[in-house]
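**Q** Here it is, the structure in full.
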């Protein structure tokens with residue numbers, strides 16, 4: 001190694017994670033931060049969560065490809081912690097290329113990434129149908145079953161596509177197992193071996209130029225002075241271990257997953273940015289202590305919650321499902337900060353609160369008559385939480401597009417200051433609109 005290489009200062013690495021139940025606005029913030037990064041990394045999840053970007057008034061939804069793809073010259077990485085649907089990937093690539101975005105020269109996919117196959121989707125959908133009213137509310141895209149295969153050491157990975165015979169042998173073995181479950185337990189139809197084999201092997205030549213040793217590339221890039229941005233999907237309260245289990249996703253969504261899911265040592269992660277909306281939302285089933293509105297629940301029709309849903313356009317970017325809405329839960333936020341080791345917060349959608357007469361903040365709970373200041377573990381205990389609120393005067397002035405703290409209404413400043421006090425970490429960024437430029441910066445994650 002040359003002396004000059006030894007003397008290069010390593011780049012900074014920032015991890016962006018959601019602190020709620022997903023849909024916090026991570027995509028916009030990742031896109032904004034990419035101005036200071038040379039690489040963006042997806043490290044978990046699949047195409048079950050969409051990151052929405054508004055750039056120059058144009059809306060783009062990315063499900064698999066890192067948000068950095070919208071910035072020319074930025075390398076994008078899909079790590080080993082992701083579960084990959086080749087069909088969804090090439091659909092997304094096609095949409096981006098039609099819009100004039102160069103993808104294939106800048107996208108690197110770990111050879112160890114788990115594949116989503118047709119039988120994963122069939123099982124996911126059949127399982128939800130069988131559960132009926134007790135369903136978790138998955139997107140039906142095969143994410144969970146693919147992770148189950150990974151943990152069960154049955155998974156087929158990207159690198160397996162390049163050995164057709166071995167792939168066929170392992171596929172047949174997997175189908176023996178999964179078709180039994182589909183037909184004998186879930187009451188579904190069997191998945192055809194030959195059709196699945198032909199479809200999957202048909203992706204091999206198209207994928208191969210993008211397949212790489214992502215862990216090594218990230219190590220070398222960072223040591224050469226490049227800044228890297230790790231882009232989480234979903235949110236901490238959906239984490240398979242730390243979320244409101246069993247109403248969770250099938251992967252680890254916390255900051256620590258960036259290390260395992262991309263093959264990067266934990267000491268390389270310099271700053272953890274926790275994204276929180278100025279209120280809370282949740283999609284699908286599961287407890288939600290500060291809930292105000294649920295389109296499917298006649299008992300949850302509070303008018304403020306309806307306003308939050310309508311003004312905030314709270315509909316899933318992938319599924320289109322209406323999101324449940326509620327006040328910001330700072331006790332749940334404390335749990336997320338603890339688990340992730342959050343360095344600073346970014347509050348998004350502050351502008352959605354504009355015009356409300358009052359704004360409430362959940363600062364703790366009553367659980368069976370006892371005080372609690374942090375979200376408990378597990379859905380059953382969370383369901384017993386009765387929120388304890390602090391109430392703030394609202395603000396009538398518009399915060400849309402504001403770019404400095406001083407320009408915010410005094411009551412909005414008071415609300416943000418209290419969130420910061422209760423959370424115990426600074427609010428370093430505030431988003432005041434969907435466009436990348438509608439952002440207040442108080443401390444820069446790459447420069448702390």
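Any Cβ shown, glycine's included, is placed from N, Cα and C.
Pulled the feature table from Swiss-Prot, pasting it below:
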| type | residues | note |
| --- | --- | --- |
| ACT_SITE | 23 | active site, proton acceptor |
| ACT_SITE | 51 | active site, proton donor |
| BINDING | 22-28, 50-52, 323, 349-351, 431-433 | GTP binding site |
| BINDING | 23, 50 | Mg(2+) binding site |
| BINDING | 23, 24, 25, 26, 48, 49, 50, 51, 139, 153, 234, 249, 321 | IMP binding site |
| BINDING | 317, 318, 319, 320, 321, 322, 323 | substrate binding site |
**Q** At the Cα level, what's the spacing in Å between residue 25 (GTP binding site) and residue 139 (IMP binding site), rounded?
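**A** Between the Cα atoms of residue 25 (GTP binding site) and residue 139 (IMP binding site), the distance comes to 19 Å.
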**Q** In whole Å, note down how far the CA of residue 234 (IMP binding site) lies from the CA of the residue listed as 'active site, proton acceptor'.
**A** 7
**Q** According to DSSP, collapsed to three classes, what secondary structure does residue 52 (GTP binding site) have?
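**A** The residue in question, residue 52 (GTP binding site), is strand (DSSP, three-state).
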**Q** Distance check, please: Cα of residue 28 (GTP binding site) against Cα of residue 234 (IMP binding site), rounded to an integer number of angstrom.
**A** 14
**Q** Give me the count of other Cβ atoms within 10 A of the Cβ belonging to residue 25 (GTP binding site).
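**A** I count 21 other Cβ atoms within 10 Å of it.
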**Q** Relative to the Cα of residue 22 (GTP binding site), which of the binding-site residues 139, 234, 321, 322 have a Cα no more than 10 Å away?
**A** 234
**Q** Between the binding-site residues 28, 321, 323, whose Cβ has more other Cβ atoms within 10 Å than any of the rest?
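**A** Selected residue: 28.
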**Q** If you draw a 10 Å sphere around the Cβ of residue 139 (IMP binding site), how many other Cβ atoms fall inside it, taking every protein chain shown into account?
**A** 22
**Q** Which one is it: of the binding-site residues 48, 52, 234, 432, which Cβ has the fewest other Cβ atoms within 10 Å in this structure?
**A** 52
